[in-house]
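Residues or ranges marked as transmembrane segment by TrEMBL: 33-50, 62-82, 118-137, 158-177, 183-207, 228-249, 255-276, 283-299.
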Amino acid sequence: MFAIISAASRGVISVIDRYQMGYRKESALTVNFYNNLLAAIVATIVLLSISRQADFRFLTTLSGWMNIFLYALLVQGVAYGYSFVYKRLTVLDAVIVSKSSDVLIPVALFVTTGYFSWYQYSFSILSTLLVFTLGYVSLNLAKQRNQLQAQLSNMTKASLIIVPIIVFQACVSPLLVTGVSHSIYTLMAFTLFTIYIRLGISFVSLVPKYLKASTHRTPAQISKKQVILIYGSRAFLTVLAQVTFTLATSSSESGIAWIFLNMTSLYSVVFSHLILKEELYKSEFIILVVVTLLAIIGSL
């Protein structure tokens, strides 16, 4: 359930990003900074509300802060990896590439945590084969042979970048939260502190942009209420997506959760169709529904 909420939240976030950066032509660095700034405010409110239930002793050790920093870097690294993928691949191609990691994640988790379930692994393999089959059929129907070969080459290059990052994040995440995973409130607090780290990273990334006046762009004008609604919604969804992501991946049994998490881009396609009225292909919708059902069955 946490994985579904996280994937769906990130799907809506990607639609908001597409509107801000694609339609309004805002700078990605600026959007990222203001989102993290507002997300940090939301995180502070949530932290104050759970302060009595959470155990903050992980903040009193150097290892605790190192784990927070490394966790934030992993999240940011995956985000940068997907930025590379989305610049070169369609949404469906990106799903096929990211789904490759579903077969490797349970094995990697076994190496780091010692947990392995053939039952869950069978669903990982089945969902991956299903996505590959439907995706390959769609590619063949939509493209000429020379275009297909070029696209497969791009997909191979993208997989060499994003798959290792996803697998590494999946197998290391449970280790980074080992000392705080005994309580859902403490896990939430751990996650919320990673948002502060991401704010720092986005601020450092933004500084060079404002040192070069020529890089400034004027976005399309909208009302202040719309700006507040857009950034406020994205900040709330960022916190929700990050917290539920941590809750979904903190266990050694999180292999099944990645079936949902690696479908985030398809969730974004559905929401883009509903919100921005962008085109939705039947193959994308079929893959999303079938794989979601398979993952739900596998988690039972």
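FYI, residue positions are counted from 1 along the chain as it appears here.
Using N, Cα and C of the backbone, Cβ positions are placed for all residues, glycine too.
Using a Cβ-Cβ cut-off under 8 Å and counting only residues 6 or more beyond its ends in the same chain, the transmembrane segment (118-137) has close neighbours at 92-93, 95-96, 99-100, 102-103, 105-106, 253, 255-256, 258-259, 283, 286-287, 290-291, 294-295, 297-299. It is 183-207 that, among the stretches 62-82, 158-177, 183-207, 228-249, 255-276, forms the most Cβ pairs under 8 Å with the transmembrane segment (33-50).
Each of 158-177, 183-207, 255-276 was scored by its Cβ pairs under 8 Å to the transmembrane segment (228-249), and the highest score goes to 183-207.
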